[in-house]
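Trainee: Shown below is the structure under consideration.
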Amino acid sequence: MQETSASIEIIALPAFSDNYLWLIRQAQFALVVDPGDAAVIAQALASANLQLKGILLTHHHADHVGGAMALQQHWQCPVYAPDSAHAAYQMPQVTRVKQGDQLTFEHFSGLYGEVIALPGHTLDHVAYYLNQQHLFSGDVLFGAGCGRLFEGTPAQMFASLQTIAALPLETQIYPAHEYTAHNIAFAQTVDPENMDLQQRAQTTASLRARGLPTLPTALKLELATNPFLRCEALSKQPAFMDWSAIDVFTELRARRNLF
Ligand SMILES: [Zn+2]
């Protein structure tokens, strides 16, 4: 749970084996991002006596949209979804969103959002950037890692990660999966001298040993430790000497698939 300047709380709800469904709360009102499991959301709303006022979808995979239809039908709330024809988004009260769209949310004061297109994991993937501070990154950026390329090219994903890298350093990032520990183990195979990464391995192990989320994460920490954001720096190391940053990215993503 995190208190913010706009008096919102952002809460991680674990679901399935390693998903987080993010709930944004102000007073008795809530928004959810990628409600893959309606029952998890329903229970969280009931236990805190909250009313659901909006659903934000980053992409069409079932573990992100699976609960959206049932929640929308129960709460009659708006749904924000990528502007693509995918059947997963065909439900009532859908607002199609695309790069640069500005969002405001009824019932919430001082809360606004911007849509950022981040193709690569899927072609239609978007992120929601709330109050120029909180980035809900779906399956594009994970703690110390990035999503698989199911639909996009390495160049698309690389550009999407560069877009995230260019956000303000204070940005907090809310990925949809708890993959941080395994991603760090991989990162250490390609960036073994990175002291920030070694420090992060320790703090991550400590959090996981206590059953705590490693997320959200800070962009500043990702820039220092996430190999998929460090391709330019890695391209100057002996193992990748004279490679382009995007060639490093492509190689790292291929290796990570097998790790
Ligand atoms: Zn996905």
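Using N, Cα and C of the backbone, Cβ positions are placed for all residues, glycine too.
Note: TrEMBL annotation is automatic and uncurated.
Remember, predicted model here, so these are calculated numbers, not experimental data.
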Trainee: According to TrEMBL, Asp63, His64, His177 bind Zn(2+) 2; so which of Asp83, Asp101, Asp139 is the extra one listed there?
Mentor: Asp139
Trainee: Please identify which of His74, His121 is recorded by TrEMBL as part of the Zn(2+) 1 site containing His59, His61, Asp139.
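Mentor: TrEMBL names His121 for this Zn(2+) 1 site.
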Trainee: Taking ligand 1 as the reference, state which of the binding-site residues His61, Asp63, Asp139 have a Cβ closer than 6 Å to one of its atoms.
Mentor: His61, Asp139
Trainee: Give, as a single whole number between 0 and 100, the mean pLDDT over the domain 'Metallo-beta-lactamase' (18-177).
Mentor: 97
Trainee: Among the binding-site residues Asp63, Asp139, whose Cβ has the fewest other Cβ atoms within 10 Å?
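Mentor: The binding-site residues Asp63, Asp139 were compared, and Asp63 has the fewest Cβ atoms within 10 Å.
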Trainee: For the binding-site residues listed here, His59, His61, His64, His121, His177, which shows the highest count of neighbouring CB atoms within 10 A?
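Mentor: Within the set of binding-site residues, the most crowded position is His59.
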